[in-house]
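**Student:** Quick one: this structure, given as structure tokens, is what I'll be asking you about.
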Number of protein chains: 2
Amino acid sequence: MIKHFFIGSPIPTLEQKENRLNKVRALAAFSPDALSSIAYANQEIFLALVVAGSSGLSLSFPIGLAITGLLVLVALSYFQTIQGYPSGGGSYIVARENLGITPGLAAAASLLVDYTLTAAVSLTAGVAAIASSFPILWEYQTPLALFFLLVITIINLRGIRETGTAMAVPVYLFLVTYLLMLAYGVIQALLTDGFVTEFNTLPASKPLSTLLILEAFSAGCTALTGIEAISNGVPVFEKPEVKNAGKTLLIMAFLMALLFVGSIGLTQFLNVLPEGQETILSALAHRILGNGFGYILIQISSTLILVVAANTSFAGFPRLAAILASDGFLPKPLTQLGDRLVYSYGIVTLSALTGLLIILFKGDSHALVPLFAVGVFVSFTLSQSGMVLHWWKTRGKNWKLKLTVNGIGAIATGCATLVIGSTKFLKGAWISILLIPLIVHMFYKVRDHYQSTAAQLSLSRINQKRKKEIQSFSSLRVVLPISSLHIGIVEAVKIAKQISDNIQAVYIEIEPDSGIEVKEKWEKYFQEIPLVILPSPYRSIISPLLDYLDKYDRESADNQLAAVILPELIPAKRWHQILHNQSARLIKSSLLYRRRNLGFQRVIIDVPYHLNE
Amino acid sequence: MIKHFFIGSPIPTLEQKENRLNKVRALAAFSPDALSSIAYANQEIFLALVVAGSSGLSLSFPIGLAITGLLVLVALSYFQTIQGYPSGGGSYIVARENLGITPGLAAAASLLVDYTLTAAVSLTAGVAAIASSFPILWEYQTPLALFFLLVITIINLRGIRETGTAMAVPVYLFLVTYLLMLAYGVIQALLTDGFVTEFNTLPASKPLSTLLILEAFSAGCTALTGIEAISNGVPVFEKPEVKNAGKTLLIMAFLMALLFVGSIGLTQFLNVLPEGQETILSALAHRILGNGFGYILIQISSTLILVVAANTSFAGFPRLAAILASDGFLPKPLTQLGDRLVYSYGIVTLSALTGLLIILFKGDSHALVPLFAVGVFVSFTLSQSGMVLHWWKTRGKNWKLKLTVNGIGAIATGCATLVIGSTKFLKGAWISILLIPLIVHMFYKVRDHYQSTAAQLSLSRINQKRKKEIQSFSSLRVVLPISSLHIGIVEAVKIAKQISDNIQAVYIEIEPDSGIEVKEKWEKYFQEIPLVILPSPYRSIISPLLDYLDKYDRESADNQLAAVILPELIPAKRWHQILHNQSARLIKSSLLYRRRNLGFQRVIIDVPYHLNE
């Protein structure tokens, strides 16, 4: 009932239908990650440069421009991916089809890592944005981030239709308020001659070095995360899908560039510096809008879009996991649609992993970012390289131009991958670099298991095997272990008689000599069924029974294993179980899991008897 | 294998034999709790009086003498209990036989609480004794106490013979070193005229009041704990049991009195005050023996006897729990003898509860003591009152004298119970006072459950029921749910055919229209068995199956429930289970626990198929 309240009632499978999005709703659905990443990208660039003082910070804008250049390249590359893979060209599919299974799986692994980190980074950065305006919240970073995670998880478990609507508001609120603020800032500065070219001197704790600049660049590259989202989701667009998706991508890239260049430029040329724990974007908003309503609105909309950005992962991760699972690289249950026609297992898995990251990194987005850009750029590079081969193989119209664009994209993102991987290695990128091959290895292990299972269960082995068995058709021998004489036993005997005329009861004698009494009673009620008394000098129930079963099978001529019929008392309340011997349970699990040889094992017949109270 | 290393290999039931103790070994086995309680009793009296400064501390000795008087009374009372109950007269048995079931259970509950607290207090006081000589250990109070608990638990799980030997050494070491020290202290003081009658002035933070004196008295009453142990264990003594047990009790009481009066008297008349965190007995040993080897030896032997005292609980708790369990007031497994012929469940339960107390009270014996004396004195009082009635009823030789002795004992311990309960109420006694009726309530709940179970399972209902069933003897209907066609199904079909000629296969169609394909395949292999396709619009496996089974049963004429035969794949490794649908498991548990009506429920036939890799 609680489940229905939060998740909603189940939806029949037949109501599953395509829920196409127009450009406005598609932008809301796919862009939050991409647009909001300017929040942490700005912050990371600032933190990387501030150690070199004023001379460091004076490089913010040039670095921002370089990243914007990379953004344009990557956007064009993905624009082409949309043309080449109109049915949705996630990095996994593009890399797998063009480069081979292992590169495809590497792209998939980096995407899974990336989705998880995006969720964690977005949520923690969202908390940072709101805590910048209400500093008392800094103390509660982790619980707040976990709370937002819970909300996002529930919304996603409810299903995609609600998701679309829930997201449009924050995205457009963010776009409108932010663009207005940037425009207002520029105009204000022009009118009051507020732009500075000479900076206040800020002391440097480190000299400005090439390494430092590269670090700032790597840190800022997180601005590009989320740009690939549209290329994965082409089929969700209204027709003509390819055209609409392409346009939406270009609009989104333009907005990303505008927000990024605008905010980083204003920050530098208004000489904005944060006070205390606040983020650099909060400091910029403070400078432009003062302390009033406008400022609070900006911070709230930053928080909202960041929380919604985490949602991008919740769309991407479960879908990719389901694709991988249906290809046999992840557990099959990930392909199952839950009550609300969403991949519930994938959503819950992502939520658990994200929660773990937030707890481990104490809700600090700055600590999480270094792990994160590597995975994104590995998948960018693999996907772009795949596209190069794609154009080379298909050779359609303008293939040389297209190949060149993707080729430049591949080289640029490849170089960025190397820069990020090396400059951020010790700060955490090593974790992702280590994780990706491990995950690929796991993919293969899972597939191996499924393949081996399928081979063992193959129907092709049926006919021969079956013929032999039908020929040797004899009555099933049944063994009935008893611990005392009670009414549950009567039911078990009745069933045993219905299914076999070869029944053997056994009593395991734990208390020495208790067997005589039991045997007398037994013969009074069931004289037609033989009872064996098995002594158990060490008071174990299991091992004398197993030994007896083995001996009994060896001595019989029918070449099959005797079935065990177990009367099981089921108490009315769960806690009552500690008041009863768990013998039936113990016997069941030791029969079920005792691995003697492969293939068919001993049949267990469970005769439940429900108790009152 | 690890288990065998720590616990030892199993012992056959037939090797169980009486392992009688002579007086010397019996004293070692039963006295550690009683003898060692002087350690914390001294400490508690000191802590209660020190707040009233020198004038408070000058009352130590008189209070000590009063407690010793009580000790003599209680010892004489228990001496008579031994005569009256030569087969072992634990408070539970004495109170139950003479006062009725509820008082008996109240005594049992207080004893169980008391045993647990004794173990916790002894272990933590033992740690305090060793930490007094090695102050660095104060920081590790909790882990050290838990370590000692672990050692005691393992020794007890190994069985009683090892326990007897392991205990004799510390007990006699403690007796010899302590009595020597006290004698040395007296002689030294006499020779050097060291006794003081005028005390250093010590500032008082509270005035000396009657309440304070009563508090000190209550605190000191913990010296009596453990005195009842011998009366529980009469049958373990060498013949003549009663005489030997009685003598041993008197020797033990004499030694207790000597140690208690000696140590508290010397502390007062040598004007001993502890420094820093050390215990008062450590301060006394310091004063008499200085700082050298003698002092360290005394502290180590205090620690050892306190640890061994915890062992008294490990002898008493499991035995009492087993008696209660065989009377149906506690879960039956507590009566089972483990590999080494000890009540393993009882030992493990006590160990867990004690560990919990140590952790909750952060290894501080002073915080635990107020909880503890109440339970002891409640059981003293109940047991003595029971003895009064016993003599009244039996009226043997000298019954009036005996009745008088136990009567005085009952009144004295009853008054002490009231004093302790009221003065220590807020400090923790309320916990025990609350716990005892709760435990009694639980005893009754457990018994009610067993009685109701026995009635439901009674053989007296067999004959009638059985006759009807044998008359309506028809073939068992079998339902076989399948999720796909594989070799495991072949085994299930084979078994089904062996046990029934009425088989119905069902396929639950989660993916719409997938049933057609499955049906075609099915008919190719098993055309003789009908297959029903059950649509599952909400993608659930369980509910369509359960609905179908109900409908199938209603439509059949045989008035019994169809059995369900479940092919179950067992992966080679446990973690592989997440790679497979847990359908068989889910179906089993929902069939087993779905409570529809009482009595016999649907039979489940499990056909395991073991996978390779």
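Just so you know, glycine gets a Cβ as well, placed from its N, Cα and C.
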**Student:** Ranges A:403-422, A:523-542, A:563-582: which does TrEMBL label transmembrane segment?
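**Tutor:** So the range that TrEMBL calls transmembrane segment is A:403-422.
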**Student:** I'm validating the feature mapping. Which of A:32-49, A:140-157 is tagged transmembrane segment in TrEMBL?
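**Tutor:** The range carrying the transmembrane segment annotation in TrEMBL is A:140-157.
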**Student:** In terms of Cβ proximity under 8 Å, which residues at least six beyond the ends of the transmembrane segment (A:403-422) contact it?
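**Tutor:** Tertiary neighbours of the transmembrane segment (A:403-422) are 70, 73-74, 76-77, 80-81, 214, 217-218, 221, 373-374, 377-378, 380-381, 384-385, 387-388, 391-392, 429, 433.
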**Student:** With the transmembrane segment (A:59-79) as the reference, which stretch in A:249-273, A:341-361, A:367-391 has the largest tally of C-beta pairs below 8 Å?
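**Tutor:** Highest pair count goes to A:249-273.
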**Student:** If contact means at least 3 Cβ pairs within less than 8 Å, sequence distance 6 or more, would you call the transmembrane segment (A:293-320) and the transmembrane segment (A:428-444) in contact?
**Tutor:** no
**Student:** State the non-local partners of the transmembrane segment (A:211-237) in its own chain: residues 6+ outside its ends, Cβ under 8 Å from one of its Cβ atoms.
**Tutor:** 18-21, 23, 26, 29-38, 40-42, 44-45, 47-49, 51-52, 56, 59-60, 63-64, 66-67, 70-71, 74-75, 78, 81-82, 85-91, 114, 118, 121, 244-245, 248-249, 252-253, 256, 260, 309, 312, 315-316, 319, 369, 372-373, 376-377, 379-380, 383, 416, 419-420, 423-424
**Student:** Kindly say whether the transmembrane segment (A:341-361) and the transmembrane segment (A:140-157) touch, using the definition of 3 or more Cβ pairs under 8 Å where each pair is 6 or more positions apart.
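**Tutor:** The answer is yes, given that the two segments have at least 3 Cβ pairs within the 8 Å cut-off.
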**Student:** Quickly jot the same-chain residues contacting the transmembrane segment (A:169-191) by Cβ under 8 Å, restricted to those at least six beyond its ends, or write none.
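**Tutor:** For the transmembrane segment (A:169-191), the list is 27-28, 31-32, 35-36, 255, 258-259, 262-263, 266, 269-270, 284-285, 287-289, 294, 297-298, 301-302, 304-305, 307-308.
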**Student:** Please indicate, using numbers and ranges, the residues of the same chain that are 6 or more beyond the transmembrane segment (A:140-157) and have a C-beta under 8 Å from a C-beta there.
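**Tutor:** Apart from its flanks, the transmembrane segment (A:140-157) reaches 6-7, 119-120, 123-124, 126-128, 130-131, 163, 166, 307, 310-311, 314-315, 338, 340, 342, 344, 347-348, 351, 354-355, 358-359, 362-364.
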